[in-house]
């Protein structure tokens, strides 16, 4: 026989005696009725809704709708009208220089069949100039009687058709004048020449 079997058997007997003692020592109900154990009505714990954590709750938050941007229409490109081409007028030619020598015709004295005329030659140049006076008369003016220059050397005379051409015997100084005078026969009263010029420039006073 095993040595630990009597020990186990003894322990079992001791446990049985302990249970019997506990049951026999329990107080009984005065009426002889055992009262059931009191039941405590504890209200059930109801778990409230879980508050989502401030972190990632796992629930997708709907995004606010984005405002749609309507693209503005692109303005049509306008082509600038070509600028009119400016035409520059050619510069006007410079006026011809003023003549250095000018002449003015006048009748100094008139008679019944003759007259004395004069061409005043003026020099506007900076120096002395020679001059040539050309005269043409109508048919009523006849032969030339005489000619001279007041206070200067006498001029020379040439004929060319109906023209009388007088050339200075001495030049006229700058800013000075030469008075060419002459006497012609005539019939009638006309004593104005049909042409008069000094160095190619027409005389005034006609």
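The backbone N, Cα and C atoms fix where each Cβ goes, and this holds for glycine too.
Nobody curates TrEMBL annotations by hand; they come from automatic prediction.
The transmembrane segment annotation in TrEMBL covers 6-25.
Per TrEMBL, the feature region 'Disordered' maps to 46-102.
What TrEMBL records for 75-89 is compositional bias 'Low complexity'. Beyond the ends of the compositional bias 'Low complexity' (75-89), by six or more residues, the same chain brings no residue to a C-beta distance below 8 angstroms of the stretch.
Mapped onto DSSP helix, strand and coil, the compositional bias 'Pro residues' (90-99) counts 0 helix, 0 strand, 10 coil. Annotation source TrEMBL lists compositional bias 'Pro residues' at 90-99.
Per TrEMBL, the feature domain 'CBM2' maps to 92-206.
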